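Taking it in order: structure first as structure tokens, then the write-up.
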């Protein structure tokens, strides 16, 4: 707990702080654990005032226990499951993106990560009538691509325009810009009022590796700290504001085995609750626009489950698509 200082809580004045410090009571813990009758006599302070002060400090700094039933009820009221609009992905995600969680899509360049993110943004904005923040860090987003996806969903130009208004795009090409965006967003969303256009429900970051990878390795020791700060911001945003966070990540080759693995290392692997791998190399011959999607991390479903999705069909009206489970 913190050091006692004037203004730390109502009723704690500078004169009171000086008197307490003169008797060796310098922190909140010192005051909470002290014999208040003895403190009142030695410091010449009102016993009732000290009791009231301790109650305020306990309320302000203590952790209050919750029973499991209350936590479960809170979870039910704060959690929403948002369909991605892609049937095969929803299967692997146990119905869709969960608010309060970070979901990661991993894949090599050209595997279709951005296409999936754009489809999710278009579906949430049009189909679910909710707002989306799309943070683009690799220049992969264009308004024409989003419009094309919306045109595949509805011929109504007013509906297309309404969906476009629900998708806010921010470009952040380094980690400091991205941290600023997320911190500003947390402050703005915490004060937002639900409107007819819906509240923010999905944050897409495409991609985290683009801003983090340049900071890792070599002598850049601050890189790991900045990466974990970004991780905290994303998880806090998801949990405290009940939004679903969808991020993309690159693949890298393991130095020892030579096998491909998700970038950003072991520390980052604990950030996403769910991780999907987009792979265009499985099966004999070329898959073309088809991709194999493998569930490699999940709190709800067994890992190793696979589905296939046709990226070429994601811009067409019937884009739920053929898919095969394994």
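Backbone N, Cα and C define each Cβ position, glycine as well.
Features of the protein shown, as given by Swiss-Prot:
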- 107, 108, 109, 110, 111, 112, 113, 114: ATP binding site (BINDING)
- 1-83: region 'preferentially binds ssDNA' (REGION)
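Residues in the region 'preferentially binds ssDNA' (1-83) partition by DSSP class (helix H, G, I; strand E, B; coil) as 49 helix, 4 strand, 30 coil. Residues 278, 280 surround the recorded ATP site, their Cβ atoms falling within 8 Å of the Cβ centroid of 107, 108, 109, 110, 111, 112, 113, 114, which are themselves excluded. Proximity of residue 114 (ATP binding site) to non-local residues of its own chain (separation of 6 or more, Cβ distance below 8 Å) is seen for 138, 140, 141, 206, 248, given in sequence order. Under 8 Å, Cβ to Cβ, and six or more positions away along its own chain, residue 113 (ATP binding site) finds 105, 106, 107, 206, 207, 248, 278. Each residue in the region 'preferentially binds ssDNA' (1-83) has a pLDDT score, and their mean in this model is 85.
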